[in-house]
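Residues annotated as transmembrane segment in TrEMBL: 12-37, 49-75, 81-108, 120-138, 171-196, 227-253, 265-285. The region 'Disordered' annotation in TrEMBL covers 332-355. For 340-355, the entry in TrEMBL reads compositional bias 'Polar residues'.
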Amino acid sequence: MSDPLPSFYVPVILGVTMSGLAITLGVLVASGYLAFFRSARTHLDRVSFRLLVYALVSHVMFGILGPVEFLYVFSGWQCSLVAFLFNFNGLFSLCIFFCIGLNLMLVLVYNVNGRSMEKYYIIGSVVLSSACSVSAYASGRLGLDTKNHLCWYNSEDKNEMLRWVIGTETVWMLLLSAGEVVGFLGIVVFLLPFIFDSRGTVAKHSTDSESQTRGSTRLTIVRLRGIILRIGIYPLVSCLLNILGAVCSVYQLKEQDQPVPSGPPLLFGIMVYTARPLLYSIIAATDPSFIRALQAHRATSGSSSAEQTTQIPPSVCLSTFIDLSVQSTRGADWDHGMGSDTQVENSSFNPTESTVGAAFTTKKAESMGGEMEAVGVAKFAGPSSAAQWDVARQI
């Protein structure tokens, strides 16, 4: 076993790692439990949420391997294996989060079916992660880094080590971050017309209740601003962590000729990696799909009626998918055929999203056979509800 980090670093690293691991496991266990109940399962039936679950499972391995790699380092094949698994899981989770942003752009902007693309997201992430990790492991470049006392790249030639780190880790971290930012900007450009035109569009499709329409319009504009913030969370977090991680990796290699960097720079570099599960688990725990599933299960398992289930308020939390709900449609709307449990179940209709902001354009409506109303505030009603909800499930 190599020399450990200074003792006062250990509680900090373990505290961050264990916190992220605990929250991640809590979200996974709760999601698995909720999936057994139909009322909650419909809220979790989203491509983005399933991708999020894959990433969280990877983060569990990431959180378990982190202390082994950074604190309790053994030489030999064990160290090489730990470094391989750590690199694979880290890159796999980055690919999955990139795919979440990519899926949003493909579904909303290019009318691609997200559910049919889901398998390609997984296959692509596994292939890229395996190619980078297996190549470094098979070439014997993973093992005990005697300078930093880490299970990492271990070539004695600093230049060769730098090439391996950049080629199998750093460049992909930066490219995936750049891809997330490009996807985010593409969605922002797509949504801009709705921010400026939603008032006029709603006026053309006004209902009998003008006051309700005006209120819905104002809320739609506010919600669209929130949508952009939610979409931007993952690119922002990813860019922050990936850029800092890349800088720290290169810095550690540049300092190979110096004494072991056991000071703040090394601790900061380790914290960048160990904080990843914690940050993403917090975002996952506040995902509207997850929160609504909890609310639906609580409403149906207690002294609830069908009406209680349909009145779950829209979430204002950060989301891994675009939350387009503005307000619940109650009263007269439900009296005209939307309130029965049978109709809700048969149409896979999400009652909490009975009023939806206009993030689906006329192009999207035409691609679905004209079933979707491309209006500023498009209401789910009658036969079009299943088609609209199917699009939401693709996100």
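Using N, Cα and C of the backbone, Cβ positions are placed for all residues, glycine too.
Beyond the ends of the transmembrane segment (49-75), by six or more residues, the same chain brings 1-2, 4-5, 10, 13-14, 17-18, 20-21, 24-25, 27-28, 31, 82-83, 85-86, 89-90, 92-93, 96-97, 99-100, 103, 118, 121-122, 125, 143-144, 149-152, 270, 273-274, 276-277, 280-281, 284, 287, 289-290, 320-321 to within a C-beta distance below 8 angstroms of the stretch.
Listed as Cβ neighbours of the transmembrane segment (81-108) (distance under 8 Å, sequence separation of 6 or more from its ends, same chain) are residues 47-48, 51-52, 54-55, 58-59, 61-62, 65-66, 68-69, 114, 117-118, 121, 124-126, 128-130, 132-134, 136-137, 142-143, 151-153, 168-169, 172-173, 176, 179-180, 183-184, 186-187, 190, 231, 234-235, 238, 242, 273, 276, 280, 320-322, 359-360, 364, 391, 394-395. Among residues of the same chain six or more beyond the transmembrane segment (120-138), those with a C-beta under 8 A of the stretch's C-beta atoms are 51, 54, 80, 83-84, 87-89, 91-92, 95-96, 99, 102-103, 153, 164, 167-169, 172.
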